[in-house]
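The structure appears below as structure tokens.
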Amino acid sequence: MGDWSFLGNILEEVNEHSTVIGRVWLTVLFIFRILILGTAAEFVWGDEQSDFVCNTQQPGCENVCYDEAFPISHIRLWVLQIIFVSTPSLMYVGHAVHHVRMEEKRKDREAEELCQQSRSNGGERVPIAPDQASIRKSSSSSKGTKKFRLEGTLLRTYVCHIIFKTLFEVGFIVGHYFLYGFRILPLYRCSRWPCPNVVDCFVSRPTEKTIFILFMLSVAFVSLFLNIMEMSHLGMKGIRSAFKRPAEQPLGEIAEKSLHSIAVSSIQKAKGYQLLEEEKIVSHYFPLTEVGMVETSPLSAKPFSQFEEKIGTGPLADMSRGYQETLPSYAQVGAQEVEREEQPVEEAVEPEVGEKKQEAEKVAPEGQETVAVPDGEKVETPGVGKDDEKEELQAEKVTKQGLSAEKAPTLCPELTTDDNRPLSRLSKASSRARSDDLTI
């Protein structure tokens, strides 16, 4: 049958570039087809034409009947089947080898570029990226174990070669059925020219040949089943990868873009950052001012959250306008109130002074001369004495206490209390001196 070593060496290369099911298919091809076909089938079909005997003496009738019974030898048919079924695998191996060589050239080119970069940097070590490190590892592993992944055009070529193998298997099984059927009969009747009549021909080893035919057909069906299984395996794998990509790609993007997003977000916050509604700060609302808040109850009685806002909850830019205004201090408010209250007090004091002057003139006894006293000074008579002084001092105290009570802020209740302390000696002496000056 010839030497199968050449085809075997090529198919070994296919084993290195196939899936698990593809390797099983190659095992079936080598052991159950090539090995059995090269060892046992030749001995069974070795005497095929010589042992084909017909009951006629007509020259050429036996050869014509054999050609009609066996248009092609089973062994040659199976050899053609092996060749045709292996051809797509050979095409795939050629493409895989080309792909591997191109990858090796690309990796060598990248390694040269890295060397040139390191030389251009003055001998400094350039930090190796993870992709480049993986490329180096994969290149070393590909040289050692020749492992790779089915992706891209290589995967398409692999799927196409499985489809063609399946088609060839089905075609040869159907052709075998139409040519021979699934069994060999011991008696074959032939009526072909130049036979004078119907001739009976006898086949040697019909049972053994039938067993071999059934065995080879079963191996063909097993190979067909493995092809279908491999197609379904690749299909399920593609579906799983398609379902996993939407879940895995966002994670990969987040992992790659996390550092970039952090840097960009920090720059944007530095330029301008607006607080969200839930991030509003309310600790700067003061209950004593009437700009932003109005106190509904004492500060110690209720928490700060119970203050009601006068201004609607709008953007913080509107709220900040109220706090930019300058608020009047306690001193300014007190000064304004004093200015308002001084005018009616002065008007009330002037008529009181005039009445006191008239009373002093009436009370003065006859024979004494009245002296004109300038405004603002007290007039005392010798007849009145110390009682009038006490009454005037008490009136002055009352007026002073009223003014102080009106001018003092409401927040200090201690200042509004009456002062019942006695007058000092100096104040009494000054009042006596004034009364002595007024008397004549």
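Placed from the backbone N, Cα and C atoms, the Cβ positions cover glycine too.
Listed in Swiss-Prot:
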type	residues	note
INTRAMEM	2-12	intramembrane segment
TOPO_DOM	13-21	topological domain 'Cytoplasmic'
TRANSMEM	22-42	transmembrane segment
TOPO_DOM	43-71	topological domain 'Extracellular'
DISULFID	Cys54-Cys201	disulfide bond
DISULFID	Cys61-Cys195	disulfide bond
DISULFID	Cys65-Cys190	disulfide bond
TRANSMEM	72-92	transmembrane segment
TOPO_DOM	93-161	topological domain 'Cytoplasmic'
REGION	111-143	region 'Disordered'
TRANSMEM	162-182	transmembrane segment
TOPO_DOM	183-210	topological domain 'Extracellular'
TRANSMEM	211-231	transmembrane segment
TOPO_DOM	232-440	topological domain 'Cytoplasmic'
REGION	334-440	region 'Disordered'
COMPBIAS	353-364	compositional bias 'Basic and acidic residues'
COMPBIAS	375-399	compositional bias 'Basic and acidic residues'
COMPBIAS	423-432	compositional bias 'Low complexity'
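Feature annotations (Swiss-Prot) mapped to structure.
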residue: Cys54; record: disulfide bond; DSSP (3 states): strand
residue: Cys61; record: disulfide bond; DSSP (3 states): helix
residue: Cys190; record: disulfide bond; DSSP (3 states): strand
residue: Cys195; record: disulfide bond; DSSP (3 states): coil
residue: Cys201; record: disulfide bond; DSSP (3 states): strand
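Around the Cβ of Cys54 (disulfide bond), a 10 Å sphere holds 21 further Cβ atoms from the protein chains shown.
Within 10 Å of the Cα of Cys201 (disulfide bond), the following disulfide-bonded residues from the list Cys65, Cys190, Cys195 place their own Cα: Cys65, Cys190. Remark: Cys61 (disulfide bond) has Cys54, Cys190, Arg192, Pro194, Cys195, Pro196, Val199 as non-local neighbours, by Cβ distance under 8 Å and separation of at least 6 in sequence. The Cβ of Cys65 (disulfide bond) lies under 8 Å from the Cβ of Phe52, Cys54, Tyr188, Cys190, Arg192, Cys195, Val199, Cys201, each of these being in the same chain and 6 or more residues away along the sequence.
Packing around Cys190 (disulfide bond) is summarised by its Cβ count: 20 other Cβ atoms lie within 10 angstroms of its Cβ, all protein chains included. Annotation: Cys201 carries the greatest number of neighbouring Cβ atoms among the disulfide-bonded residues Cys195, Cys201 [cut-off 10 Å, Cβ to Cβ]. A mean pLDDT of 71 is what the model gives for the topological domain 'Cytoplasmic' (13-21). Beyond the topological domain 'Extracellular' (43-71), the same-chain residues lying 6 or more positions past its ends with a Cβ under 8 Å from any Cβ of the stretch are 179-180, 188, 190, 192-196, 199-205, 208-209, 212. A Cβ distance under 8 Å defines the sequence-distant neighbours of the topological domain 'Extracellular' (183-210), meaning residues of its chain 6+ beyond its ends; these are 44-45, 47-48, 51-56, 58-62, 64-66, 68-69, 74.
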